[in-house]
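Heads up, the thing below is written out as structure tokens.
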Amino acid sequence: MSKSHAAYIDYALRRTTNMPVEMMGTDVVRLKDYQHFVARVFLGLDSMHSLLLFHETGVGKTMTTVYILKHLKDIYTNWAIILLVKKALIEDPWMNTILRYAPEITKDCIFINYDDQNFRNKFFTNIKTINSKSRICVIIDECHNFISKSLIKEDGKIRPTRSVYNFLSKTIALKNHKMICLSATPIVNSVQEFTMLVNLLRPGSLQHQSLFENKRLVDEKELVSKLGGLCSYIVNNEFSIFDDVEGSASFAKKTVLMRYVNMSKKQEEIYQKAKLAEIKTGISSFRILRRMATTFTFDSFPERQNRDPGEYAQEIATLYNDFKNSLRDREFSKSALDTFKKGELLKGDASAADISLFTELKEKSVKFIDVCLGILASHGKCLVFEPFVNQSGIEILLLYFKVFGISNIEFSSRTKDTRIKAVAEFNQESNTNGECIKTCVFSSSGGEGISFFSINDIFILDMTWNEASLRQIVGRAIRLNSHVLTPPERRYVNVHFIMARLSNGMPTVDEDLFEIIQSKSKEFVQLFRVFKHTSLEWIHANEKDFSPIDNESGWKTLVSRAIDLSSKKNITNKLIEGTNIWYSNSNRLMSINRGFKGVDGRVYDVDGNYLHDMPDNPVIKIHDGKLIYIF
């Protein structure tokens, strides 16, 4: 039915031919073609009640949305605008962008942060104050977070955000309101998030049905047919976060580097104690204690089970202060720092004080030592992602930075009052090469809504639970024109994944998480393809054979059709002759996968999903006695 959707897109564009391409307030900005396109379609179809902006980081989702809000009154006089956002993002980018380009809509805007514990009450209180003659436009920024907070927990408890989700899914279309959801990563943790998002945008269209069988979509054609026009899809980088990507005129080159570091005997001893503690307390599935132990270890492992919280906190504070005091008035000599900046380690002729300090620091954290050496050897500015703030996280890392003489800012929950200003200073043109501030270390608080410019190296000290979060992290530094001020030879970003291993080189929890991420991504890639093929851009570019229409009366019927996956008509069992193979998507063999090559040259993954045809002259490497095809 994409031809039908194409006809409505064409109708919307014909209705909005005179819509200005510039947005003017206290400042003026000219929209990119893709921004102007999606705004014209959404505003040109008044009965298009909802839309997902699946736009990668840095291409201007916020700007596109503000333009749409500015022109809402082109289609109706009275609007109330409700923006559901994280608290950290209200001032910047939202309020700043509105005040700069559409100050006249400020009086119509209501900001509510969905991470507020009173979110539900605040939302419905504001709904009651809206004039009955006004239409409502709801904006949900980083909608994957809103969806995640609306999922029913495993214990069956309904979360407060769910009532807002239910209200929006029932009311937006019914009352002729509008809604825009924004995300660069619309699916993060589970397939259920896709179902929730679809039913928010197209209420009731995707009922309780299994989307996958043996990790393959049951009926991709049915989903694409019924969900046409669901989203706008602007994703220039469709590669895995673990793949290298060549640069372009607008985007920096990305190179992924896996840095494997072996723990010291002392660190491994604490790691094993952390593993036992997880088993005893029943939290081994979360791997938190082991993840912390791979990052940094004190001289002893503080047991938490069956202890008074205050007593435990006091022990942690004592261990931290002891370590901090051990570094008082100690730092590396200029000679040692010069050696590190050349990418070299201390030699035998180094001072005893430098060697002793380096040995002590490395015994407690091979990761922190490695990241400090990497920063000093970097030719430009650096980002460091460390999800833990206290105990063995950022608080300790900053002590390492001090000893290594690394200037830095911190973006975390500890710096709420100063972090926006600090990032602005870090991004200043005068700091393009990191002369004033070399590094920004950030926690999960910095994964969304902020931009960094002229970054050359990103160090990821701990794996997240999903590729989407990693994509958000890396996307902070590789954005549209993020390196425009950087010298041409430094328009690149090296992404370093620092993976701890046991002292004998055996894997740790870091590689467990790496495998979990790869497993999840198999299903997500297929759902992202559905988003792409149901997008306004894809339909407009690929569907040309349609009959023009002169009204939008049939749009609601077109997008209200229920999705039926019960027939499973695209699942067929077929025996294929061929041979088992090994393959990798990386020249550095970061991950090696089992696959199958049919006699016809088609290559499949271990679950039978078709990948691509075997090249005429494939690249092959030998690793551990295996022939590895590089695709």
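Glycine is no exception: its Cβ is also placed from the backbone N, Cα and C atoms.
Pulled from Swiss-Prot, these are the features on record:
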DOMAIN    42-204  domain 'Helicase ATP-binding'
BINDING   H55, E56, T57, G58, V59, G60, K61, T62  ATP binding site
MOTIF     141-144  motif 'DEXH box'
DOMAIN    367-532  domain 'Helicase C-terminal'
(request) Let me know the DSSP-derived helix, strand or coil state of T62 (ATP binding site), please. (result) helix
(request) Take the domain 'Helicase ATP-binding' (42-204) and average the pLDDT across it for me. (result) 94
(request) Please list residues from the chain of T62 (ATP binding site) whose Cβ is under 8 angstroms from its Cβ, counting only those at least six apart in sequence. (result) P93, W94, T97, D141, L182
(request) Give the sequence-ordered list of residues that share a chain with H55 (ATP binding site), lie 6 or more positions from it, and have CB atoms under 8 Å from its CB. (result) K61, T64, L182, A184, S232, Y233, I234, V235
(message) Centre the Cβ atoms of H55, E56, T57, G58, V59, G60, K61, T62, go out 8 Å, and tell me which other residues of that chain have a Cβ in range of the ATP site.
(response) A184, I234, R479, L480
(message) DSSP secondary structure for H55 (ATP binding site), reduced to helix/strand/coil, please.
(response) strand
(message) Is it possible to list how many residues within the motif 'DEXH box' (141-144) are helical, extended or coil according to DSSP?
(response) 2 helix, 0 strand, 2 coil
(message) Validating a neighbour-count step here. Other CB atoms within 10 A of the CB of G58 (ATP binding site): how many?
(response) 19
(message) With Cβ-Cβ distance below 8 Å and at least 6 positions apart along the chain, what are the contacts of T57 (ATP binding site)? List them in sequence order.
(response) A184, S451, R471, Q472, G475, R476, R479
